[in-house]
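Chemist: Sharing a structure here in structure tokens format.
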Amino acid sequence: MAAHLSYLMSKLQTLSTSDHSSVVSMNLFVALLLACIVIGHLLEENRWVNESITALLIGVCTGIVILLISRGKSSHLLVFSEDLFFIYLLPPIIFNAGFQVKKKQFFVNFITIVMFGAIGTLISFCIISLGATQIFKKLDIGSLDIGDYLAIGAIFAATDSVCTLQVLNQDETPLLYSLVFGEGVVNDATSVVLFNAIQSFDLTHIDSRIALHFMGNFLYLFFTSTMLGVFAGLLSAYIIKKLYFGRHSTDREVALMMLMAYLSYILAELFYLSGILTVFFCGIVMSHYTWHNVTESSRVTTKHAFATLSFVAEIFIFLYVGMDALDIEKWRFVSDSPGTSVAVSSILLGLLMLGRAAFVFPLSFLSNLAKKNPNEKISLRQQVIIWWAGLMRGAVSIALAYNQFTRSGHTQLRPNAILITSTITVVLVSTVVFGLMTKPLIRFLVPHSKQTTSMVLSEPNTPKSIIVPLLRQDSEGDLGSQEVRRPASIRDLLTTPTHTVHRYWRKFDNAFMRPVFGGRGFVPFVPGSPTERNNTQWQ
């Protein structure tokens, strides 16, 4: 009995020690997040550094310190988890991106964005997979099957839309922002869908039937994920418009919007769809309908809340990636052949640069052929920026690499260890080197005048003007107060398809969608509001 009690006491002491160490780790991590915010603010005007690079470098420096203190045992405070990334950190980032995007600019370029994000990703995926298959077999890496090579293509075809958002400005370069940002979101979704499809198929015997099934499954996931996000956004708009939560509490409106957006993402993951696409289009629909159905205070609150959650999640991801880059468990397996690891990383960097160039310039040429207005065409300088800005790789690539090549947090196989460390190296080099050069490259190739900023600040009094950096809803002019001429012939219809589709969508939206789901112009009834007092005086 005494032995049993002493065993229980030792277990309780171990648990309490573990809990205490977890609390210490969380305290240090929160302190590092605060340091990233402060230092990022101080470097706001720096032409080279952005917040992603700042958090990444702070993470690397912290990892070195922890590595020295622990005498080479560990370099990070928290254990990387795919669930932490995909379930908790990624949804607020992608949702806020859809919620803040300028919808007209996005949908005017929608065909080009889908070409870049879907077709371009497939082209990049094929080039990286084929290149890795041919080159890696000549190196002393180890045995990799066809599924591993295809997974490498999907992993490194995923661009880092998070870092891109911090480098580009949608007010200074609206066309570039909509193209690179829109492509990044569709690209991430495409890469994840491709990766999941690769894992679910038996690729040892590939034939035409399996290839057709693969493409059909890919298109099904793409379409179904988008429709689920649209449905969730419309459902939230309808519920808030009909039930008038604001008459009792604006907190309920905010909570409903947040939970409905997160529910759409979780449902997509539950049904093995693309949660990235779902939550992105849920954000777009909510900003077009739901946001205009809530009270004024809820509009300000939701904008602050979504932007803050996204900002903290972005900093969290890059801070952890920086610390995880020095994890001794991964590097221990490749310490006997560092040259091989460097060669693999260099080859992967070269393949992703080649794969991106293989679709950006040809697809831009095809996109320009379909555009009649010279101002809407993508110039060669803009194509170079699109190519360069999409070279950064981030947490999506690391999470997919962990999924494919690790077991229980680290790998015991040398080829898997080489690919994990190479993925981390590619993410660090691409984020720091390409990220540092992106801002100067944009200012050199596409110089902008200060007139753009002054135009943004001098807009009329709209919900956007409450807080300009956060409330980035489209103005009335953006949404279509400028009448687009009716196409006079079939030729006009074919040469200006996006304007024509936008015109007919606006008519359908005003006639059918807004009366049911609310939207711009809808004024929620709130007891005690000026609207109610005016109505009482007239009775």
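Each Cβ is built from the backbone N, Cα and C atoms, and glycine gets one as well.
TrEMBL does not curate its annotations; it predicts them automatically.
Quick paste of what TrEMBL says about this protein:
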type	residues	note
TRANSMEM	21-40	transmembrane segment
DOMAIN	38-442	domain 'Cation/H+ exchanger transmembrane'
TRANSMEM	52-70	transmembrane segment
TRANSMEM	77-95	transmembrane segment
TRANSMEM	107-128	transmembrane segment
TRANSMEM	218-240	transmembrane segment
TRANSMEM	260-285	transmembrane segment
TRANSMEM	305-323	transmembrane segment
TRANSMEM	343-363	transmembrane segment
TRANSMEM	384-405	transmembrane segment
TRANSMEM	417-437	transmembrane segment
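What's the neighbourhood like for these features in this structure?
Modeler: Residues 32, 35-36, 39-40, 43, 76-77, 162-163, 166, 314-315, 318-328, 394, 428, 431-432, 435-436 of the same chain, all 6+ positions outside the transmembrane segment (52-70), place their C-beta atoms under 8 angstroms from a C-beta of that stretch.
Away from its own ends, the transmembrane segment (77-95) comes close to residues 25-26, 28-29, 62, 66, 161-162, 185, 188, 261-262, 265-266, 269, 275-276, 279-280, 282-283, 306, 309-310, 313-314, 316-317, 320, 323-324, 395-396, 398-399, 402-403, 409 of its chain (Cβ-Cβ under 8 Å, at least six residues beyond either end).
Residues of the same chain lying 6 or more positions beyond the ends of the transmembrane segment (107-128) and with a Cβ under 8 Å from any Cβ of it are 152-154, 156-157, 175, 178-179, 182-187, 189-191, 194, 222, 348, 351-352, 354-356, 358-360, 363-364, 366-367, 370, 376, 378, 386, 497-499, 502.
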Chemist: Find the member of 21-40, 218-240, 260-285, 417-437 that has more C-beta pairs under 8 Å to the transmembrane segment (305-323) than any other listed stretch.
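Modeler: When the Cβ pairs under 8 Å are tallied, 21-40 comes out ahead.
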Chemist: Taking a Cβ cut-off under 8 Å, which residues six or more beyond the ends of the transmembrane segment (384-405) line up next to it in the same chain?
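Modeler: Distal contacts: 52, 80, 82, 85-86, 89-90, 116, 148, 151, 154-156, 158-160, 162-164, 167-168, 176, 179-180, 183-184, 187-188, 191-192, 195, 199, 317-318, 321, 324, 352-353, 356-357, 360-361, 364, 378, 411, 416-417, 419-420, 423-424, 426-427, 430-431, 434-435, 437-438, 441-442, 445-446.
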